[in-house]
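J.: Please read through the structure below; I'll follow up with questions.
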Amino acid sequence: MSNVLDELIERGYAKQFTHEEETRKLLSEEKVTFYIGFDPTGDSLHVGHFIALMLMARMQKAGHRPIVLIGGGTAMVGDPTGKTDMRKMLTREEINHNVECLKKQMSRFIDFSDDKAIIVNNAEWLMGQNYIEFLREVGVHFSVNKMLTAECFKQRMEKGLSFLEFNYMLMQGFDFYKLNEKYDCKMELGGDDQWSNMIAGVELIRRKSNKKAYAMTSALLTNSEGKKMGKTEKGALWLDAEKTSPYDFFQYWRNVNDADVEKCLSMLTFLPMDEVRRLASLKDQEINKAKEVLAYEVTKLVHGEEEAKKALNSSKALFGGGTNMDNVPTVSIPEDMLSSSILDVLVHTKIIPSKGEGRRLVQQGGITLNDTKVEDFNYEITKEDFNDDGFALVRRGKKKYYKIVIG
């Protein structure tokens with residue numbers, strides 16, 4: 001069995017370990033069952049989750065067994081990590097709906113056949129848990145003084161941390177304990193912001209079961225400026241094609257900064273590292289070839305080869321002056337908006353957030369209509385602006401294209 005840890009370190013996944021050398025030895029000597037938790041606070045995964053999915057896929061390819069822990073129980077409380085305000089509490093019905101949606105999405109990335117991976121919902125043991133028993137069984141092993149120093153609580157302490165959220169660390173630690181007890185799960189993986197919660201599980205297993213457990217955090221997907229990637233003007237970059245079209249998904253990666261190409265190729269694709277370094281070393285206009293490869297590979301993983309090819313062809317057609325518009329996002333206006341100003345139309349279709357932003361873009365030459373730069377704020381859209389295929393083509397900035405249709 002290959003040791004995957006060196007690969008994870010080389011590709012930039014591994015960040016912190018409870019026991020690095022022991023973890024390396026463990027992964028080289030046995031098939032390890034490990035887990036990553038996902039809270040079902042939405043009905044789709046987004047790019048922030050994709051790092052975790054890639055991490056699981058790489059571990060699975062190396063012969064280890066993933067447990068996908070869906071936090072149906074912990075979602076009733078809400079994770080305070082990285083938040084300055086208390087999260088909206090979801091109903092059981094909302095959580096159950098989201099759990100089903102996430103299960104379907106994850107099956108595209110992880111092989112669940114023949115017990116090669118397991119999906120478990122922590123509602124199984126948390127929802128029926130007797131509170132007094134939980135305090136006696138779990139709470140006795142946690143020091144409040146130590147918990148208050150945890151990074152995950154610091155941002156919330158000034159505004160006020162509810163007792164509900166304060167329990168989250170105990171619940172996550174209990175998750176690891178239950179998975180260790182039932183499935184011999186020896187390792188938890190997660191984002192670097194979960195470090196305190198992960199240590200809690202390692203310590204709980206040691207105290208209650210007198211067994212060794214391990215934790216490793218992965219780097220969060222950030223750009224060269226340290227900001228989280230995966231945010232667009234429309235919000236999060238979703239893995240669900242209904243929420244973020246394959247074309248928009250492709251274009252996001254096609255347009256990343258030059259400085260982020262190597263990191264993204266390394267963490268978000270299965271390309272060999274020699275090829276990653278070769279592509280990342282390209283300069284000037286040549287780096288766009290690397291971005292095209294990045295966009296294609298990531299879109300293929302998330303949406304399949306057919307959708308990736310469609311997005312690639314549409315992107316090439318647009319940037320090369322071609323006419324293939326099949327995968328360009330389409331927005332519509334009612335017929336009674338004909339003769340409205342270009343700014344009214346762009347705001348209505350959400351191509352721009354406001355007229356003020358639209359005026360700024362027009363002044364800077366950042367809006368084109370059918371390849372003609374818009375220079376008049378009050379230009380009126382008419383039927384003459386729509387081609388034989390029934391759409392008008394708007395470009396915002398250098399690379400954002402939209403088809404406007406009537407209907």
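For all residues, glycine too, the Cβ spot is worked out from N, Cα and C.
Per Swiss-Prot, L-tyrosine binding site is recorded for Tyr35, Tyr168, Gln172. Marked as motif ''HIGH' region' by Swiss-Prot: 40-49. As annotated by Swiss-Prot, motif ''KMSKS' region' applies to 228-232. According to Swiss-Prot, the ATP binding site annotation covers Lys231, on the basis of sequence analysis. Among the features that Swiss-Prot reports, domain 'S4 RNA-binding' is placed at 340-406, with the record citing sequence analysis.
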J.: Are there residues at least 6 beyond the ends of the motif ''KMSKS' region' (228-232) whose Cβ is under 8 Å from a Cβ of it, and what are they?
T.: 46-48, 220-222, 244, 248, 252, 256, 260, 264
J.: Cβ atoms within 10 Å, counted per site: which of Tyr35, Tyr168, Gln172, Lys231 has the most, among these binding-site residues?
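T.: Of Tyr35, Tyr168, Gln172, Lys231, the one with the most crowded Cβ is Gln172.
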J.: What does DSSP assign Gln172 (L-tyrosine binding site), in three states?
T.: helix
J.: Per DSSP, what is the helix/strand/coil residue tally across the motif ''HIGH' region' (40-49)?
T.: 3 helix, 1 strand, 6 coil
J.: Just report the maximum Cα pair distance in Å for the recorded L-tyrosine binders Tyr35, Tyr168, Gln172, no decimals.
T.: 17
J.: Cα-Cα separation of the residue listed as 'ATP binding site' and Tyr35 (L-tyrosine binding site), in Å?
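T.: Taking the Cα atoms only, the residue listed as 'ATP binding site' lies 26 Å from Tyr35 (L-tyrosine binding site).
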J.: On the DSSP side of things, how many residues of the motif ''KMSKS' region' (228-232) fall into helix, strand and coil, could you say?
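T.: The composition, in the requested order, is 0 helix, 3 strand, 2 coil.
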